[in-house]
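Enquirer: From Swiss-Prot, here are the annotated features:
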BINDING   46, 49, 53, 81  [4Fe-4S] cluster binding site
BINDING   83, 150, 175, 179, 212-219, 243-247, 262-264, 372, 376, 482, 508-509, 531, 558, 718-727, 802, 819  Mo-bis(molybdopterin guanine dinucleotide) binding site
BINDING   794  substrate binding site
DOMAIN    39-95  domain '4Fe-4S Mo/W bis-MGD-type'
SIGNAL    1-31  signal peptide
């Protein structure tokens, strides 16, 4: 066969990237080169992180056989990270689930029984009985769902409708609670609207990049490649990296800063003080577009109310704040002097000054990037607010090349968890369940009785664990997440609740994960391009893809599972009589008819699909389900700053960044000439706030919930590595990625290892107040902790590091702090 130059270059690009990572990709390379003419290609966003890279998926004979970077994708411009090139292999692990499994003994469900193959009807029979019993005996607060930032947009929307409108339970929360909740609350407090104002185009125009708790070299490698290109092609560009340990992003850093855990709050306030003391405030911007407020302090640590730290807190969980003058704010940050900051953080003075000068220099366009180091923090919301302060003081915001930017870790943590509103307190388009007007808007749009959606905030992720353990949450369905491995404090909180005989646990997943094996019922699930989907990435870019292959065996999409299960319930079985009396025409109807097969959702005929286009759900139901759900959902944001384009536009485009008004996407929000919601002459308008002004918050340093002491003498931080994604449920089934990093290790400073008579390669027991794990000592490698801190990734199911972590959370966002707890080491 003939091979074009372009095809040859694509094939060699695959091999080159793999070689750089020390891997071989013979299967993928052969698929691209040797079968070029036989493969059918179609676009999709990558299945992994929140960057939102575009890929071209190659299918042949009903299987995904190849994947390459999409040269027309504006995010990655044809380049993938090493995980992206191995996307086909995540779908075909030898242990892929293809049929429901129920714990059974003597032909019946038994909590202590063995997993037994059953049919979908049998699975739904058991689920129906458990849900109806719980609802009848204990009410809507006894059921719950834990979802995902990996749900497609319409899966999250369908799940939220089923629980909040159908079952009348707000006990639905996404795993994004563990990673992005602090960013959400930070955005809402400062700007009144969620998500970043900038976009990836900032990278090519910035003069300085500051990474706060973000190892972009491994966690967002495609964006890091763009930053690297910007830095190496322009000698005036500066990169500063802040972390509690040294990692691969430090290799590019002009100013690599290692600080004591939790003391990032001190550094942020010091920089604000530096800006003021050096007359670097952008007075015109500041006077027109900013308000000042002093936040409540001593707010606790999101632990159980009986915990001593919660009892001691003066204002546990308080989000209160009060107006303050500029002079009072100036006095507040004045306490954070260079000397005090250096002492509290362990950072040399010259490094602190260099960092502060980047923000203070009016001629430097600065982007602040952060991820889990900021968000997984008992003061994560404060950290977000404090970095916004720096950009608001200097006016370095909402313009090309400068602004604060919270990066996401999941492909649709923004598009689904945040924008759709699958959090326990949220509704679509930044609306919340506690606001009567917001509930009314949803109830009218969904044509359900007024008062259907509960006003009470549901259980967040950690609260769900506690309620399961306490026997208050009795039926629990998790989808598209492996929380038994990923969530905190496994031994004390989560596992006891999952295995409590009072509770029934359902896990929907493509693979037998740690969570699945701890459940009572496992539902085999379709993944990625085995269904039609949509994700929303970190830069507000919504991206669609078509179903390209069918799932193996009887595996079904999360959307199919939700919609089909809703058929099992009639309104009178889930709603009280007073609600039914308000809309008697809904009496006798199933939740499927009320929520999904409505005139609003079912109005798009399946004939809109091409004859050869796969779409299992829509063809089974007889209408274009995904389009109907999306258009209904998109209605909530249109005209309110969250405008999404028409459904069909996304199948044609490589994603569009909202708000999309009159067919045009928005790159920079809140600034005149860039944002259609900012009128001529306004300059800037932070229209999420009633007065159009953003808020600078005065917030102090407060210590971590747990710190090293004489017995537990080391900090433990957890996180990820380049080769694996989250709990490794997909990447560890790729032989090449597994070989590259086969098991977790404990990264430790050589002197800390020597002091404990440990050498590289030794087995070591890592012990906290909550549990212990056996790991392997690593004194070299990519991560170099300072003395006093150890680092361990959480991808390894054989080394459950979250047996060690504490379930302390940010009291405002309820997000867990996975970065700070105390451990000791014992040689094995």
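Glycine too: its Cβ is placed from the backbone N, Cα and C atoms.
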Enquirer: 10 Å Cβ neighbour count around residue 53 ([4Fe-4S] cluster binding site)?
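Expert: Around the Cβ of residue 53 ([4Fe-4S] cluster binding site), 29 other Cβ atoms lie within 10 Å.
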Enquirer: Cβ within 8 Å of the [4Fe-4S] cluster site centroid (46, 49, 53, 81 excluded): which residues?
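Expert: Neighbours within 8 Å of the Cβ centroid, excluding 46, 49, 53, 81: 48, 51, 52, 76, 80, 83, 84, 221, 222.
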Enquirer: Could you check what DSSP calls residue 531 (Mo-bis(molybdopterin guanine dinucleotide) binding site) once collapsed to helix, strand or coil?
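Expert: Reduced to three states, the DSSP call for residue 531 (Mo-bis(molybdopterin guanine dinucleotide) binding site) is coil.
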Enquirer: In which DSSP state, out of helix, strand and coil, do we find residue 218 (Mo-bis(molybdopterin guanine dinucleotide) binding site)?
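Expert: Its secondary structure by DSSP: helix.
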Enquirer: Please report how many Å separate the Cα atom of residue 726 (Mo-bis(molybdopterin guanine dinucleotide) binding site) from that of residue 49 ([4Fe-4S] cluster binding site), as a whole number.
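Expert: Roughly 9 Å, rounded to the nearest whole number.
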Enquirer: Going by C-alpha distance, which of the binding-site residues 213, 218, 794 is nearest to residue 49 ([4Fe-4S] cluster binding site)?
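Expert: Nearest candidate: 218.
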Enquirer: If we check Cα distances from residue 53 ([4Fe-4S] cluster binding site), which of the binding-site residues 213, 218, 246, 531, 794 wins as closest?
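Expert: Going through 213, 218, 246, 531, 794 one by one, the closest to residue 53 ([4Fe-4S] cluster binding site) is 218.
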Enquirer: Out of 81, 83, 372, 721, give those binding-site residues positioned within 10 angstroms of the residue listed as 'substrate binding site', comparing C-alpha atoms, in sequence order.
Expert: 721
Enquirer: Inside 10 Å of the Cβ of residue 721 (Mo-bis(molybdopterin guanine dinucleotide) binding site), count up the other Cβ atoms and send me the figure.
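Expert: Around the Cβ of residue 721 (Mo-bis(molybdopterin guanine dinucleotide) binding site), 24 other Cβ atoms lie within 10 Å.
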Enquirer: How big is the Cα-to-Cα gap, in Å, between residue 46 ([4Fe-4S] cluster binding site) and residue 372 (Mo-bis(molybdopterin guanine dinucleotide) binding site)?
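Expert: Between the Cα atoms of residue 46 ([4Fe-4S] cluster binding site) and residue 372 (Mo-bis(molybdopterin guanine dinucleotide) binding site), the distance comes to 20 Å.
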Enquirer: What's the CA-CA gap between residue 246 (Mo-bis(molybdopterin guanine dinucleotide) binding site) and residue 81 ([4Fe-4S] cluster binding site) in angstrom, rounded?
Expert: 21
Enquirer: Reported as an integer number of Å, what is the Cα distance between residue 218 (Mo-bis(molybdopterin guanine dinucleotide) binding site) and residue 81 ([4Fe-4S] cluster binding site)?
Expert: 9
Enquirer: Using C-alpha positions only, work out which of the binding-site residues 213, 372, 531, 721 is nearest to residue 81 ([4Fe-4S] cluster binding site).
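Expert: Spatially nearest to residue 81 ([4Fe-4S] cluster binding site) by Cα position is 721.
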